[in-house]
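Here the structure is laid out as structure tokens; the discussion comes afterwards.
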Amino acid sequence: MINMRKSHPLMKIVNNAFIDLPAPSNISSWWNFGSLLGICLLLQILTGLFLAMHYTSDTSTAFSSVTHICRDVNYGWIIRYMHANGASMFFICLYMHVGRGLYYGSYTFLETWNIGVILLLTVMATAFMGYVLPWGQMSFWGATVITNLLSAIPYIGTDLVEWIWGGFSVDKATLTRFFAFHFILPFIITALVLVHLLFLHETGSNNPTGIPSDADKIPFHPYYTIKDILGVLALFLALMLLVLFSPDLLGDPDNYTPANPLNTPPHIKPEWYFLFAYAILRSIPNKLGGVLALIASILILLLMPLLHTSKQRSMMFRPISQCLFWLLAADLLTLTWIGGQPVEHPYIVIGQLASISYFSIILVLMPVAGMIENKLLKW
């Protein structure tokens, strides 16, 4: 009798994606982040659903409804902090996943990579809108500052901002629509994830060497299912350590003060996972220039396949490119640190240098390194 998992129309899809999928035999733990992102998304949807049952998206009650969740709802505090810190874990996994793609040349799978960049932008938009919902000081002022950036668009900017706000400032209408978008976007993300996987399974996974692995494949189950479970356990350990011991470590104390349009916090800054982009935004004195640099800092990922000059796909055997990659990683950490600092000397100059370095490494140094390494191959 034919195996049901191979014949049933629904089970066949699951089987071909998670059970009998031919996978390279040598993929390292850097390939765990895809499944971890799936788990993070599931966790965020579940915790978010339970939070939405008790949250009210009205300016007069939003802050107190979050307080009510933490104080009065059964295990509401753990649901709330798992959702807030789950977002941080989500972004850690996202950045690791993108970094893996850059290092091992996975961006040569064009469709998979482009959908991935769209996913990154969608997740960033979702996280930004989620940060506005508790309606604390940083929620309100973060929403005001970031949405206001759109006013830098020539001619239509001001009208566009007022259209997004639903009035002349961030108010009731803004909060309500942000809640609606924050609720629906994770489901759109889930659909995009399926498209991402669909394109990935057209080509099969990359591997650390960057060499085609068709001659050496193993079934996904049990080898990589057990490996993914280990990754999930490590993720949950890290998440629960954060949630149970220092749930507010990555948050901003200002967000425990209810939103007040008449009182501006001394340092307006987004969540830690946006600080690198925020630092790039602030490093340019011109408003429109800053906004363009901010957008470019993410969309530059779309250029990666065009900037690949090396004859080798992976950086595994390319020491010069490896040095530049880790320099880029250090540069992003520097930008993250600068984004959280006040706009004063010496932080301004450090931020500008780090921003120039970011674009220089990606647009100039890495392609040049690839060409140099091609020359070295002939020696």
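The backbone N, Cα and C atoms fix where each Cβ goes, glycine too.
Copied over from Swiss-Prot, here are the features:
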type	residues	note
TRANSMEM	33-53	transmembrane segment
TRANSMEM	77-98	transmembrane segment
BINDING	His83, His182	heme b b562 binding site
BINDING	His97, His196	heme b b566 binding site
TRANSMEM	113-133	transmembrane segment
TRANSMEM	178-198	transmembrane segment
BINDING	His201	ubiquinone binding site
TRANSMEM	226-246	transmembrane segment
TRANSMEM	288-308	transmembrane segment
TRANSMEM	320-340	transmembrane segment
TRANSMEM	347-367	transmembrane segment
Key: Nearest recorded site to the residue listed as 'ubiquinone binding site' by CA-CA distance, among binding-site residues His83, His97, His182   = His97
Query = Can you say which of 113-133, 178-198, 288-308, 320-340, 347-367 has the most Cβ pairs under 8 Å with the transmembrane segment (33-53)?
reply = 178-198
Inquiry  = Give me the long-range Cβ neighbours of His196 (heme b b566 binding site): same chain, 6+ apart, Cβ under 8 Å, in sequence order.
reply    = Thr112, Ile115, Gly116, Leu119
Ask   = In which DSSP state, out of helix, strand and coil, do we find His182 (heme b b562 binding site)?
value = helix
Query = Between 77-98, 113-133, 178-198, 320-340, 347-367, who has the most Cβ pairs under 8 Å to the transmembrane segment (288-308)?
reply = 347-367
Request  = Go through His83, His97, His201, the listed binding-site residues, and name the one with the sparsest Cβ surroundings, counting other Cβ atoms within 10 Å.
outcome  = His201
Query = Looking at the transmembrane segment (226-246) and the transmembrane segment (113-133), are there 3+ C-beta pairs under 8 A, with each pair at least 6 apart in sequence?
reply = no
Message = Between the Cα atoms of His83 (heme b b562 binding site) and His97 (heme b b566 binding site), what distance do you get, rounded to the nearest Å?
response = 20
Ask   = Could you state the CA-to-CA distance between His97 (heme b b566 binding site) and His182 (heme b b562 binding site) to the nearest Å?
value = 23
Remark   = Other same-chain positions with a Cβ less than 8 Å from the transmembrane segment (77-98) and lying at least 6 residues past its termini are 30, 33-34, 36-37, 40-41, 43-44, 47-48, 50-51, 66, 69-71, 116, 120, 123, 127, 130, 235, 238-239, 242-243, 247, 250-251, 271-273, 301
Under 8 Å by Cβ from His182 (heme b b562 binding site), counting only residues of that chain that are 6 or more apart = Gly48, Thr126, Met129, Gly130, Leu133
Message = Using DSSP and collapsing to three states, where does His196 (heme b b566 binding site) fall: helix, strand or coil?
response = helix
Key: Same-chain residue ranges lying at least 6 outside the transmembrane segment (320-340) that approach it to Cβ under 8 Å   = 99, 102-103, 269-270, 272, 274-280, 282, 310, 347, 350-351, 354-355, 357-358, 361-362, 365-366, 369-370, 372-373
